[in-house]
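Q: Have a look at this one before I ask anything.
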Amino acid sequence: MAEEVATRIEPAFFEESIPSSISDLVVEIQASAPKLGHGLHHDAAFELSDLVRVMNCYYSNLIEGHNTRPKDIERALAGAEIEEATRPLALEAKAHVIVQREIDRLSRNGALPSPTSSEFIAWVHRRFYEEMPEEFRFVEGRDGPKVEIVPGAFRSKSDDDVSVGRHQPPSSQYVKGFMDYFSKRYAAAQAGATNKIIAIAAAHHRLNFIYPFMDGNGRVSRLMSHAMAQEAGVGGKGLWSISRGLARGLKDKTEYKGMMDHADQPRMNDRDGRGNLSAKALQDYCEWFLSVVLDQIQFSNAVFSFDKLEGRYRKLIEDVIDDKRAPDIISAVLKHGSIDRGDIGFITKSPERTARNTLKALLDHGFLKSVSPKTPVRIAFPVDYRERLFPNLFTDGEIDAPKPSVPSFITQMRTKEIASRSYLKPPFNEYEEFQKRVSGITALQKSLGARSTLGKIAAQELATTEPTTVDWQSVEDRVIAESIGEHGQSRAEVIEALCEFSPGAVSQEQKDEIEKRVFAAAPVLAAKYNKRIMDRKPKR
């Protein structure tokens, strides 16, 4: 067994340098998260965030093997009667939503404590188990009798010692010391926006490695990760779910467990960091985790896009309510957050009685709601129509829904690097041609001395395209612009590099076309960057 010292969790972070593959992912996450909810009124976004909390708890509990129907979670939150057979699971899910609501409230009010502090982690566990139904407040004891879980209490005595698969967490008597060290290490990692995002991934594994509680460690760690995302500024108004991504993986549902096990590996050799655990395995794991984060942010950006959501909602109303005026009310409420009842007639351009009937139909179906019969109406997202409004939130089937383009190729590329090892084997044949072109662009950049990374080019030029429809000339033009305008390359050097790194042999006709492009771009770029462009002999 490894020595029982808190430094056993090292490396906790990337101390000397951050791998470029990880820093690229951070850049993409930082660019994508602020777009969430763009165009939505804050009231509509707030309503959606509660739906996402239900989704987050659904997947978080699913990871633990507890499958609770979203309808039952909604009923538990509303205090409605639930079938006895499903009541414990529904109340367990309700507890998760309640705690996440409290975390989000603290974040909105600027009162969120450090998410990696021992105090905060113990508070999350305490609040979770205070709301937990009695059926889930006990675990099997080592000698047979059930042991009651003390909310918020770390393991502390020998009877609390546990094994988690092949992993042997620290002995209970050392847990407090490990948690103090954990808090100190990740407090230091909070310096800088990039570090805060990377720490979300690293701390998630290391907390589970310590396994501080008798039970509930997985869900507490996922709530901690949610809080860390809020603290790092990539919470996206609460409109994306880390648990959905962890439960589904990038290509396979078993990835989460496999990657957590992989990050448990001890240091392999003298080139594998200086800590007790493998630095390379931590890098693999963080790449995967942050790819999952990006994938979920992109998914939510697509599903919760104002234009797409409005279109789906209008189509749903047309199918359900036989009143051509009803969709206009939905559009107005989505845009403005709430609408006074007296304004419905102006929106629908109809007499007062007709407007009231249209409004009543929307209220009766649960598409709108209000505090009282006379107060303004607000948007609602009735559970019976969730899959029509938000395709693929809870289901696994193929649904005609917008799909995020950046993860569809960037995440695949990230995963391919990991997949060359034994623990992930997804198929990538369809991306081979795409990756050849990417390699050419990357080599072109290096030849010209351009400093921007592939991740930045992808974010700028490829963010709305699929691999089969990439405008490669546009990407090359970006490289030309950077090379001539920002890095002082000559036109002749650019022409030579474009010819050298084009796929296949370049005919004279193609070379002439490349020269025309570069010479046409040069004066424009010179004016833009206010730099003198001089032809020099190509480098040999």
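Placement of Cβ uses the backbone N, Cα and C atoms for every residue, glycine included.
The domain 'Fido' feature in TrEMBL is assigned to 116-291. Marked as ATP binding site by TrEMBL: VAL164, GLY165, ARG166, HIS167, ASP215, GLY216, ASN217, GLY218, ARG219, VAL220, SER221, ARG222.
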Q: Secondary structure at ASN217 (ATP binding site) (DSSP, helix/strand/coil)?
A: helix
Q: Check the binding-site residues ASN217, SER221 for other C-beta atoms within 10 angstroms of each C-beta and report the one with the most.
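A: The largest 10 Å Cβ neighbour count belongs to SER221.
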Q: Counting other Cβ atoms within 10 Å of each Cβ, which of the binding-site residues VAL164, ARG166, ASP215, ARG219 scores lowest?
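A: Relative to the other binding-site residues in VAL164, ARG166, ASP215, ARG219, ARG166 has the fewest Cβ atoms within 10 Å.
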Q: When the pLDDT values for the domain 'Fido' (116-291) are averaged, what is the result?
A: 93
